[in-house]
Amino acid sequence: MKLWFSTLKLKKAAAVLLFSCVALAGCANNQTNASQPAEKNEKTEMKDDFAKLEEQFDAKLGIFALDTGTNRTVAYRPDERFAFASTIKALTVGVLLQQKSIEDLNQRITYTRDDLVNYNPITEKHVDTGMTLKELADASLRYSDNAAQNLILKQIGGPESLKKELRKIGDEVTNPERFEPELNEVNPGETQDTSTARALVTSLRAFALEDKLPSEKRELLIDWMKRNTTGDALIRAGVPDGWEVADKTGAASYGTRNDIAIIWPPKGDPVVLAVLSSRDKKDAKYDDKLIAEATKVVMKALNMNGK
């Protein structure tokens, strides 16, 4: 009799345990299912925010952001092509740093007034003496000097060589074909001198944060970009006070306005961000505020706007 009673109690206990497990599993599934609509709503809200900016500024946006600490991303037209404009200067200097030693950067490059193009704020002052590769990189990244970009591009073998080096680091998208300032004339549907937000983020990360360059050269590249003089109204204007930004801006026909950047919050790992934009008419003007406002949406989507 006692044996029968004990067996009955064991069966009841097992049934209760089984029911509890099923109930817990149901709760877990409910929690998972509950979080999915929330995430979907956040993504919908983010896309709506970007779409509103496009309508407000009469422009098209291409955005990709990567939080390198969590691998979270923000994407809006991340694989649509835009003229890369002067953002390519960051990747050009990245390849230069791959090919040249730190000592080689002291090599002096001579040039003439025939090498000056449409925007040469630094190189035009040094025609008589020439400039070192290091000085040219500084001029290209910090002042967006077009002659400096062209002289560096010639040093690494021209646009075709730049393209080959980008392919080696896994960038199958970015398509350099011309020198400054011709590279800024890109008509809708053309692929020459274009890239995507995702590709630019991936390549910038490879040069500045990963092992495509040794640490000493990464620090040099980042230092130049942190001291950029052309980006105060763009991504820098869209991040909270106290954050560090290393960026490279660009502008081209069809109201193209771009900025690619590495962003360091006070706490946490860097975010790599590309904000690309264009308009419908060839002679359209751009508005820097669009880039700043889009950056704010990215920060909100990454839950970093008040971090």
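Backbone N, Cα and C atoms are what each Cβ position is placed from, and that goes for glycine too.
Some features that Swiss-Prot has for this protein:
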type: ACT_SITE; residues: Ser86; note: active site, acyl-ester intermediate
type: ACT_SITE; residues: Glu182; note: active site, proton acceptor
type: BINDING; residues: Lys248, Thr249, Gly250; note: substrate binding site
type: LIPID; residues: Cys27; note: S-diacylglycerol cysteine
type: LIPID; residues: Cys27; note: N-palmitoyl cysteine
type: SIGNAL; residues: 1-26; note: signal peptide
Alpha-carbon spacing, Gly250 (substrate binding site) to Glu182 (active site, proton acceptor), which is rounded to whole Å: 13
Mapped DSSP class for the residue listed as 'active site, proton acceptor', helix or strand or coil: helix
Residue pair Ser86 (active site, acyl-ester intermediate), Thr249 (substrate binding site) - Cα distance, angstrom, rounded: 6
Rounded Cα-Cα span from the residue listed as 'active site, proton acceptor' to Lys248 (substrate binding site), Å: 19
Sorted by sequence, non-Lys248, Thr249, Gly250 residues with Cβ within 8 Å of centre, substrate: Ala85, Ser86, Thr87, Lys89, Ala90, Ser144, Thr230, Gly231, Asp247, Ala251, Asn258, Asp259, Ile260
Residue pair Thr249 (substrate binding site), Glu182 (active site, proton acceptor) - Cα distance, angstrom, rounded: 17
DSSP-derived class (H/G/I helix, E/B strand, else coil) of Ser86 (active site, acyl-ester intermediate): helix
Three-class DSSP secondary structure - Thr249 (substrate binding site): strand
